[in-house]
Amino acid sequence: MEDSHKSNTSETAPQSGSTVQAAHISHIAQQVSSLSESEESQDSSDSIGSSQKTHGILARRPSYRKILKDLSSEDIRGRKGDGENPGVSAVTSMSVPTPIYQTSTGQYIAIAPNGALQLASPGTDGVQGLQTLTMTNSGSTQQGTTILQYAQTSDGQQILVPSNQVVVQTASGDMQTYQIRTTPSATSLPQTVVMTSPVTLTSQTSKTDDPQLKREIRLMKNREAARECRRKKKEYVKCLENRVAVLENQNKTLIEELKTLKDLYSNKSV
């Protein structure tokens with residue numbers, strides 16, 4: 001009886017141990033599965049959150065079509081504002097009276113608003129010989145610069161005068177210059193005409209007939225010719241010196257050759 005009881009107890013002991021191990025293994029498997037499920041759920045929640053964040057960023061970022069639409073609407077509004085307020089950029093035009101001046105010789109000078117000068121001489125039937133001169137406005141140029149313009153005389157000759165001077169030819173044939181002074185401010189008008197001392201302008205033909213000028217021109221030409229002659233002489237002398245040096249070298253070589261020939265002849269004769 002005792003032996004049978006011992007065998008029964010020995011059989012039941014390994015069975016109970018195996019059941020405990022199986023329960024422990026199942027518990028560990030449940031924990032591992034729960035951990036993997038929690039990790040998967042966390043990964044899925046993280047991916048969902050990141051996708052939601054990127055979607056929100058893209059939703060907040062304006063599209064190119066919206067940007068172009070905003071720019072076009074701003075341009076249209078700016079154009080409408082310019083059209084509604086044309087007086088802001090428009091320049092108001094006002095009529096300016098034309099000043100007329102009379103010189104001591106009886107000649108009339110009228111200055112138009114556009115800068116043109118009108119010259120006229122008095123006659124028996126009123127103003128005669130109206131002549132218009134267009135002057136260059138030098139208000140925007142730098143100080144110290146002089147602008148020249150052509151002025152045509154009665155005989156058809158053209159002369160160069162500064163842009164702030166007017167040349168007037170009188171009835172006697174003399175030519176007088178008038179200086180125009182313009183104020184630097186842009187609002188004031190150039191209405192002042194100051195008469196300077198009369199300057200007699202002679203033609204080019206009268207200048208060439210001057211004997212003093214002819215003499216100076218002749219002396220200048222003579223000086224240039226003498227300078228050129230001296231230069232050619234120096235070049236010729238230098239060329240001759242080079243030739244002499246070459247001939248001296250040739251003479252030395254010939255003397256040396258003659259000496260060698262004499263030595264050879266004397267040796268052969270002995």
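Cβ coordinates are placed from backbone N, Cα and C, and glycine is handled just like the others.
Positions annotated as compositional bias 'Polar residues' by Swiss-Prot: 9-21.
What Swiss-Prot records for 67-83 is compositional bias 'Basic and acidic residues'.
Taken from Swiss-Prot, the feature SUMO2 cross-link applies to K207 (among others), supported by similarity to another entry.
The SUMO2 cross-link feature in Swiss-Prot is assigned to K214 (among others); the stated evidence is similarity to another entry. K214 (SUMO2 cross-link) carries a helical DSSP state (H, G or I).
Under the heading domain 'KID', Swiss-Prot lists 31-90, citing sequence analysis as support.
Summarising the annotation, Swiss-Prot assigns domain 'bZIP' to 212-270.
Among the features that Swiss-Prot reports, phosphoserine is placed at S63 (among others), with the record citing similarity to another entry.
The phosphoserine annotation in Swiss-Prot covers S197 (among others).
The feature region 'Disordered' is assigned by Swiss-Prot to 1-91.
Taken from Swiss-Prot, the feature region 'Basic motif' applies to 214-238.
Across the region 'Leucine-zipper' (240-261), the model assigns an average pLDDT of 95. Look at Swiss-Prot and you will find 240-261 tagged as region 'Leucine-zipper', backed by sequence analysis.
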Legend entry - Composition by DSSP (helix, strand, coil) of residues within the region 'Leucine-zipper' (240-261): 22 helix, 0 strand, 0 coil
Inset, instruction - Count the Cβ atoms, other than its own, that fall within 10 Å of the Cβ of K214 (SUMO2 cross-link), considering every protein chain shown. - result: 11
